[in-house]
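Worksheet: the structure to be examined is printed underneath.
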Amino acid sequence: MPIAIIGAMEEEVNLLRNELSERKDTVIANYHFYEGLLNSVPVVILKSGIGKVNAAIGTTLLLDHFKPSSVINTGSAGGFRAGLKVGDVVVSTEVRHHDVDVTAFGYEYGQVPGMPAAYTADPKLIATAEAVIERMDAIRVVHGLIVTGDSFIHDTERSNLIKTNFPDVAAVEMEAAPIAQVCHQFDVPFVVTRSISDSADEEASLSFDEFLEIASINSAKMVMEVVRTLADSE
């Protein structure tokens with residue numbers, strides 16, 4: 001079974017896609033999938049599009065059609081943890097929705113009814129990422145909580161609200177939680193690796209445009225090393 005790699009934007013999948021050998025392109029319901037060998041390892045790459053619904057639909061099609069052994073979600077994110085800089089990579093320990101509120105009925109903030117409050121990344125995939133970290137001196141990598149919502153966070157008020165609800169948050173983005181939720185439903189292990197493109201503040205949009213390429217390159221490098229290490233361990 002292939003390893004699945006999901007990125008929302010062209011910039012987030014382009015480097016990985018260009019590294020594929022024996023490439024085969026498939027379009028299902030306007031979602032683009034790219035099969036091939038990445039460093040001799042079978043993979044399938046999905047360009048999901050931006051946002052939670054796009055990510056959920058694309059991931060469902062991916063898992064149902066291609067039957068991957070595991071899922072790696074890559075791309076960019078806004079940095080929340082103190083000390084995080086543009087280009088640093090956050091590896092998920094768990095993923096949550098930051099824009100779901102059904103607390104009136106006894107659920108945790110961010111919890112979708114009938115679903116877990118948090119989606120825990122696969123221990124083997126986290127351990128693999130840790131092994132990769134030791135070999136990547138040029139890229140700073142940290143672990144932590146990644147939260148997801150259907151908004152690009154670019155103001156202090158919303159940043160502070162997220163920090164209030166999730167004090168341990170490391171990064172914020174727009175696709176990881178639905179990807180993790182679909183993986184949970186299909187019982188497929190996942191991990192999220194996101195490179196910091198901005199600080200989720202008033203300068204976020206300018207920073208994102210300027211540093212998206214750096215963030216995408218660093219996240220892609222991390223994914224390629226994780227894929228190689230997973231293959232070597234089997």
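Here the Cβ of each residue, glycine as well, is placed from N, Cα and C on the backbone.
A quick note: this is a predicted structure, and the numbers were derived from the prediction, not measured.
Secondary structure at E12 (active site, proton acceptor), taken from DSSP and collapsed to helix, strand or coil, is helix. When Cβ atoms from all protein chains are considered, those within 10 Å of E12 (active site, proton acceptor) total 28, not counting its own. Residues annotated as active site, proton acceptor in Swiss-Prot: E12.
Positions annotated as substrate binding site by Swiss-Prot: G78, I153, M174, E175. The DSSP secondary structure for I153 (substrate binding site) is coil. Around I153 (substrate binding site), a 10 Å sphere centred on its CB holds 24 further CB atoms from the protein chains shown.
As annotated by Swiss-Prot, active site, proton donor applies to D198.
Taking the binding-site residues G78, M174, E175 in turn and counting surrounding C-beta atoms within 10 angstroms, the largest count is reached at E175. In the three-state DSSP assignment, the secondary structure recorded for E175 (substrate binding site) is coil.
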